[in-house]
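S.K.: As annotated in TrEMBL:
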type	residues	note
BINDING	G103, A104, F136, D221, E222, V223, Q224, T279	pyridoxal 5'-phosphate binding site
BINDING	R139, S278	N(2)-acetyl-L-ornithine binding site
MOD_RES	K250	N6-(pyridoxal phosphate)lysine
Amino acid sequence: MQVTRELFNEVMVPNYNPADIIPVRGLGARVWDQEGNEYIDFAGGIAVNVLGHCHPELVNVLKEQGEKLWHLSNVLTNEPVLRLAKKLTDATFAEKVYFANSGAEANEAALKLARRFALDNYGPEKDQIISFKQGFHGRTFFTVTVGGQAAYSDGFGPKPGAIDHVDYNDLSALEAIMSERTCAVMMEPLQGEGGIISPTQSFVEGVRDLCDKHNALLIFDEVQSGVGRTGELYAYMGLGVTPDILTSAKALGGGFPIGAMLTTTAIAAHLKVGTHGSTYGGNPLACAVAEKVLDIVNTPEVLNGVKQKEQQFREGLKAINDKYHVFDEVRGKGLLLGCALNEKYQGRARDFLVASAKEKLMCLVAGANVVRFAPSLILTDADIQEGLARFERAVAAVVNA
Ligand SMILES: *Cc1c(COP(=O)(O)O)cnc(C)c1O
């Protein structure tokens with residue numbers, strides 16, 4: 001069978017519009033397409049391929065587990081899921097873990113748990129969920145409604161209720177809307193899809209205080225910011241603010257689908273037998289891979305490496321900007337960086353992405369005004385230098401077009 005990009009339009013639901021090339025192989029931070037062209041990957045499968053493509057230790061564990069046991073359902077437990085849960089609870093504030101298959105599913109579980117917790121402890125009036133404009137929490141109907149872009153949740157009929165949105169980094173707006181009715185506040189401790197926006201220290205501390213004051217749970221969506229991305233295992237560790245519930249996915253599986261919701265024993269107790277579940281959540285194959293990802297990422301070597309590589313990126317991007325004057329700032333933390341375009345290039349992030357692809361560099365956008373990088377956490381100096389050289393040529397092409 002001849003597999004071409006045209007086939008996509010023929011047989012796929014048109015909710016995506018992928019690039020013209022079809023990648024067939026990857027290794028580290030490099031990817032090759034059907035024609036054998038080599039790309040440098042600064043996108044990391046949207047902050048997923050945290051150890052690059054086909055990391056030998058991940059390939060090994062996948063093969064080994066693949067010959068042992070793939071799936072049982074949650075009628076039975078298994079060794080990889082218990083080992084992974086133990087390691088996640090040892091490494092974080094959490095005492096209990098629920099496994100799912102994606103970020104949206106982990107968030108769905110977090111939101112349902114928060115509602116149960118409030119119902120059991122305070123009654124049905126305590127149902128308000130507050131989240132932030134431009135926030136992103138996934139595409140199930142509950143999570144997309146909690147997300148801060150109505151355009152993503154409109155047009156599907158009646159939405160789940162009791163959900164309010166306020167501006168990120170606006171503590172007084174949050175304070176004004178919170179009350180004893182507030183069940184939970186859900187936030188990304190570094191907004192990803194919304195444009196790579198860091199919380200101010202006073203904001204994130206203030207959110208924690210307001211949640212405590214109103215007996216509301218604080219949910220950190222670390223689907224994009226977690227598992228080493230910011231140079232800490234989870235971003236909350238760098239902020240010094242601990243949530244009640246934390247969700248993780250994307251990088252957790254290094255490219256294999258998995259999601260997790262982490263919380264305390266007291267809160268977890270409200271998801272009693274039969275209240276929630278997933279056929280595939282916690283399957284041995286995904287958990288074996290994620291365990292290996294965690295073993296490798298949660299080391300000083302990799303986490304400190306992220307901080308060093310962030311500096312290399314920032315220096316390289318500054319040099320490019322000194323020459324071409326296209327960004328207002330480079331924001332974000334660790335290897336989740338966003339170049340915010342200046343006045344002159346507003347709305348043109350996609351042009352930079354297309355120009356980069358022509359130079360054989362994969363990058364991302366975060367909205368119309370931010371070019372985003374979320375590469376492998378262990379990409380080499382040579383990958384960074386060559387990738388930035390390609391990005392410079394792409395910037396020059398846009399500027400001189
Ligand atoms: C990607 C993302 C999600 C959704 O994850 P899926 O695996 O696509 O369901 C949720 N929250 C954040 C912060 C994300 O970046």
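Every residue gets a Cβ built from N, Cα and C, even glycine.
From a predicted model like this one, the values you see are computed outputs, not experimental measurements.
Map these features onto the structure and tell me what's around them.
M.R.: Taking all protein chains in view, 32 other C-beta atoms sit within 10 angstroms of the C-beta of D221 (pyridoxal 5'-phosphate binding site).
Long-range Cβ contacts of S278 (N(2)-acetyl-L-ornithine binding site) within its own chain (separation 6+, distance under 8 Å): N74, F99, A100, N101, E105. Taken residue by residue with DSSP, S278 (N(2)-acetyl-L-ornithine binding site) is part of neither helix nor strand, so it is coil.
In the three-state DSSP assignment, the secondary structure recorded for K250 (N6-(pyridoxal phosphate)lysine) is helix. Sequence-distant contacts of K250 (N6-(pyridoxal phosphate)lysine), defined by Cβ-Cβ distance under 8 angstroms and a gap of at least six in the same chain, are I46, A47, V48, V50, G103, V223, Q224, G226, V227.
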S.K.: Might you list, by sequence position, any residue in that chain lying six or more from E222 (pyridoxal 5'-phosphate binding site) with a Cβ less than 8 Å away from its Cβ?
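M.R.: Expected: E188, P189, Y234, A235, Y236, L246, T247, S248.
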S.K.: Of the binding-site residues A104, D221, T279, which one has its Cα closest to the Cα of R139 (N(2)-acetyl-L-ornithine binding site)?
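M.R.: Comparing Cα positions, the closest of these binding-site residues turns out to be A104.
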S.K.: I'd like the Cβ neighbour count for T279 (pyridoxal 5'-phosphate binding site), meaning other Cβ atoms within 10 Å of its Cβ, all protein chains included.
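M.R.: There are 9 of them.
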S.K.: Out of A104, V223, give me whichever of these binding-site residues has the highest number of other Cβ atoms within 10 Å.
M.R.: V223
S.K.: What whole-number value in Å do you get for the largest C-alpha pair distance within G103, A104, F136, D221, E222, V223, Q224, T279, the residues recorded as binding pyridoxal 5'-phosphate?
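M.R.: Maximum Cα-Cα distance: 25 Å.
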